[in-house]
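One structure is given here, and the rest of the page talks about it.
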Amino acid sequence: MLKNLFRKTKYITVSQKNIENYKRENTPTIPDGMWVKCNKCGEILYQNDLEKNYMVCNLCGNHFRIGVKERIKYLFDKDTFKEWDYKIKTENPLDFKGYDEKIEHIKEKTNLSEAVTTGKGKIAGMEAVVCIMDSKFMMGSMGCVVGEKITRAIERAIKLRLPVIIFTASGGARMQEGILSLMQMAKVSSALAKLDEEGLLYICVLTDPTTGGVTASFAMLGDIILAEPDALIGFAGKRVIEQTINEKLPEDFQKSEFLLEHGFIDKIVPRSDLRKVLAKLINMHQNSF
């Protein structure tokens, strides 16, 4: 009797495999990419709602970085954009180790041929030549192909008598191409000088981030310079400047709002209003002749 009283209770052994199967079968399946966390306010956002709102957080107004496809979708009249020069191939002029492999890997990953896409399309029925930089391709860095594509686009705009709009998003010159990369600053700036001589409109839209050699050249040469809210815009990094001058810089230093306040840009335009504002500017310029 006492022996039965203190007998060890029998229990069922559940294998780890059964536990994992149970969890898998009873856990709701949520597809990847359905929810996105806002990196400014921390709110979890539904991807479809975010896309309908131009990739802008509806709670804090944070403008997510967007690529070429989204920019074309939000800017142009449907099915009017025609891409130019997408077959120009990136070379390795300095035989920089690993550069060829890196370019091929990024091409496959992003489905982009380079850090800028150029072409012609219609905005509210009006034609314009547009260059769109994409930070997903080597941080939008400017190499020989980027400079060549933008220069060709400007030259075609002169022949077609069309305005030029450039959306900047770049970390600056591409170090793997050395001095040839830096040369693109002068090359694009020279083409823009010819555009100006022809009396044609150049609008630059600064997006997050616009830095380095791009800022030091064509990004700041626009007849009209627009920017998206809270965009990082500058030449050298904030910490580099602070270490150089041994001073603490303002918290909002190099933000588009700071630049507007100090007269470096003309207007900050929310993404939802950008198409309307650009159409108005193009129309005003066309009607002034």
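Glycine residues also receive a Cβ, built from the backbone N, Cα and C atoms like all the rest.
Database features (Swiss-Prot):
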type	residues	note
DOMAIN	34-289	domain 'CoA carboxyltransferase N-terminal'
ZN_FING	38-60	zinc finger
BINDING	Cys38, Cys41, Cys57, Cys60	Zn(2+) binding site
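For the zinc finger (38-60), the list of distant contacts is 66, 70, 74, 230, 270-272: same-chain residues at least six beyond its ends, Cβ to Cβ under 8 Å. When secondary structure is read from DSSP and collapsed to three states, Cys38 (Zn(2+) binding site) falls in the coil class. The Cβ neighbour count for Cys38 (Zn(2+) binding site), using a 10 Å radius over every protein chain in view, is 18. In the structure as shown, the Cβ atom of Cys60 (Zn(2+) binding site) sits within 10 Å of 12 other Cβ atoms.
In sequence order, Asn39, Lys40, Gly42, Glu43, Leu45, Leu59, Gly61, Asn62 are the residues of the same chain, not among Cys38, Cys41, Cys57, Cys60, whose CB sits within 8 A of the CB centroid for the Zn(2+) site. Using a 10 Å radius centred on the Cβ of Cys57 (Zn(2+) binding site) and all shown protein chains, the other Cβ atoms total 20. There are 12 other Cβ atoms within 10 Å of the Cβ belonging to Cys41 (Zn(2+) binding site).
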